[in-house]
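So the structure is just underneath, and the comments pick up after that.
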Amino acid sequence: MTTLASSYDPSSFESRLYAQWEAAGYFVPSGKGEPYTVLLPPPNVTGTLHMGHAFQQTLMDALVRYHRMRGYDTLWQVGTDHAGIATEMVVSRNLALEGKGQTRDSLGREGFIAKVWEWKAESGDTIERQMRRLGTSSDWSRSTFTMDPQPSAAVNEAFVRWYEQGLIYRGQRLVNWDPVLKTAISDLEVENVEEDGFLWSIRYPLADGVSYEHVEHDADGNETLRETRDYLVVATTRPETMLGDTAVMVHPEDARYLTLHDARIVLPLTGRHVPVITDDYVDRAFGTGVVKVTPAHDFNDYQVGERHNLPLVNLFTVDAKIIDPREQYPDDEYPVVDQGIDWRELNQVQRRRTGQHFAYSIPSAYVGLDRYEARKLVLAHLEDEGRLVETKPHKLQVPRGDRTGQVIEPYLTDQWFVKMDALAKRGLELVESGQIKFVPPNWINTYRHWMENIQDWCISRQLWWGHRIPAWFDEAGTCYVGHDEAEVRAKHGLGADVALHQDSDVLETWFSSQLWPFSTLGWPDAQAMAERGFARYLPSSVLVTGFDIIFFWVARMIMATDSFTGQVPFRDVYITGLIRDAQGQKMSKSKGNVLDPLDIIDGISIEDLVAKRTHGLMQPRMAEKIEKATRKEFPDGIIVHGADALRFTIAALATHGRDIKFDLGRAEGYKNFCNKLWNATRFVLMNTEGARFTGVPQPRTEAEKWILARLDKATAETHAHYANYRFDLLAQSLYEFAWNAFCDWFVELAKPALNNQDADAAASTRHTLLYVLESLLRLLHPLTPFVTEELWQQVAPRLGITTATISLQSFPQPGDVDTSSYATAEADVEWLKSMVSALRRVRSELNVPPSKQVRLLLQADTADDRPRVARLASQLSFLLKLERIDWLDAGQDTPPSAAAIVGELTLLVPLEGLVDMDAERTRLDKEIKRVEGEIAKCNGKLGSATFVQNAPAAVVEQERARLNDWTTQLTGLREQRAKI
């Protein structure tokens, strides 16, 4: 008796099986065979598993399990990223919730970092526990945290080497600044959001008594205005930054302003004189064609300022309040503003003298105001002075921090940078030479664009949590870089009397993440490298990641790995699309459309789902709308699907497109697939009680040969789809074989043999059932590890297999069974399937009870049909409940019958005693209409020049053959219709 449960319930065995796998050490690299390494993009230690993680990790796990079963020495390197900004925010929020009055600042640097480590010890492994629930077969003993001692040593080594090579420098540049976090952030952490704003037009008076002839024209070129003006009109969306303007700019070929080149304007509200400069950057058609230039608070203006040597005027404090510039300088170094000095020359002098950007007096009314309060006051003062010309609505692209939601400020600060030109050139060579392959290949274009337009990389962050920059300063500001302070003192001969303080900044997390391919393998410590298999597992085989971090992570790993090890980090880069909801919308907390993969796996009630989606919203007013939409979409919550159903869904959706729409209905369908597999296994087990077989079956029936040939084909397709990273086609191929070929057809076709008097045929059929099922379970295992393991444990012993787990079984190979002589059997069974389908459709349409036997008449056969009927008569009779089969001669009169056509063979079921004639006429009319529709489809394709000229010749020929078959069927159906 089988001990397999009567129904499929994934919650009853998935967690149990995973615990067994992990305890047995099945995921640990074997050290034998060709190495196959996969790198997990390290998720934030603060994070929880989301659909993007589940999507990529499912594909990675399938690749790892597939190669493990093929005998590869598999290493799936996992770990977590320390996530500087995110972690500081989480711990700061937890401190507030504790209600003890402790804050980041009150604890101080050392105290706060201690709190972070406490939090990490308590909650830092959440995402790894969730990954286990998904079924990830990674070696957890190798799990690495980017702040662990080994990767931290790698970070210091990398920084020191690049600094000594002249690739790392400290300088003053414009960066993305979050005024809430008070740190620079990367472009990836900035979301550009379209918002409603305003465009203000302001009069800037010309200095030195200069005026010009202003002329305006209508759309037809007719002059509409001519007047003498002593001012320019400048349009801006940020009037508060005019306090930091150091020029206004016109296009050098703009005829309206040719007389004003090198003139000066008087900056409103400040009285300072700034130059009118010319630059091709100006769009003459936008507004008045006059642009204000604020190099310290706009990235484009910064580039203009570099070209024209303009001063850099910083307006803001670190929390985006208007600054008192005197705070930036010692009293004896504060620059004296003289309206007669050319600001561009003064800037050169000032930089040489202090190494600082230019500072100046700001009207005291604005000092200390938040930037938006300052905006209101600036506009009020401009209105009072008659300088505000126009205010009109304007759509803006507003840069907001993805964590704080605050508007990001382009901000001028002292930061650490990496020179990227030489590194990027080499990184591009490695890809274009084919040493690294992108899949799909079109992503090379994105990679190339970024590498050819690269800028120096800002690597410093104004945080406490992270890898502190290994640089020390003496009281004179001299910088020393080394692995630690002792090394710095020894290297530079600095005694104990020389006070040193370490740079307070930390490195951004991408700096440590770029070292992931080799820091996890022990670099730079020789002993650790030997222990962790540096020489064996680098380069890794494939990186599975999203297109959004091709530049931020993929490119940097390529450059860093080459720079520090002389190798590529990986051979293949498989770029996945972005998971969206069923309507194509990005999943986000604010939209209330996030699906938690664990809720899909284990289920969730509607009340808990609503609570999860409405808790902690940045916009609480959205809660009611989100609750309403959630209750409408999931009135009963989300049912238990199990990890296998989710994994198979993910594989089926993994096209090579940019966006992937996740439909929960697909997951329910694939849960049914797992259930179908479960029930088919129960059938096989119940019909093979006491059986013990070994080796490859020796088929006695055509059905066995057919299924073995189909198995061989499915196996070959499986290998091809893995090689090409076509998980969608892989899922489609396996689904088709498992559901249709095995569960629907072979299980059905096996029944006549199992119930036959021929003991040899019955035995071989039992062997084939077990053999094909066991092979199918191995084919499916990388995608659906849990259900296949649970079923395989029951099936394997009946084939003499005694190993403990399917996960270490060999993966099926094409040619495991020699099917080269099975062509006739394949054709016979395909014909049999057509016969069964046609006759079952007739029985269904006539409402003939399944148990009632019918007579079958055959007519208009080909030379192959009679021998086939003779060979397959017992199967036909068993499957179709036939009383008998009779042949009619060509042209012989037939009784009123229900008809179907298979190839050129006419199938007739006499109607006497079965149905009334009116019902049969209706059925035939319906069938004729269906076949006419199929003929129309074929004619549509064959009538298309595009299809005929561009489709492969075999496909076109197949379509012509289909048209011929449908036409033959239509002729037979019309003849039968005419008879009744």
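In case you wondered, yes, glycine gets a Cβ from its N, Cα and C as well.
Note that the coordinates shown come from a computational prediction; the quantities given were computed from them, not determined experimentally.
Among the features that Swiss-Prot reports, ATP binding site is placed at Lys589. The Cβ of Lys589 (ATP binding site) has 17 neighbouring Cβ atoms from other residues within 10 Å, across all protein chains displayed.
According to Swiss-Prot, the coiled coil annotation covers 914-978, on the basis of sequence analysis.
Within the chain carrying the motif ''HIGH' region' (43-53), a Cβ under 8 angstroms from the stretch's Cβ atoms is held by residues 80-83, 86-87, 90, 120, 124, 126-127, 130-131, 133-134, 145, 546, 578-579, 587, 594-598, 662, all 6 or more beyond its ends. For 43-53, the entry in Swiss-Prot reads motif ''HIGH' region'.
The motif ''KMSKS' region' annotation in Swiss-Prot covers 586-590. Under 8 Å from some Cβ of the motif ''KMSKS' region' (586-590) lie the Cβ atoms of residues 50-51, 578-580, 613, 616-619, 622, 662, all in the same chain and six or more residues away from its ends.
According to DSSP, Lys589 (ATP binding site) is assigned to coil rather than to any helix or strand.
Summarising model confidence by region, the motif ''KMSKS' region' (586-590) averages a pLDDT of 78.
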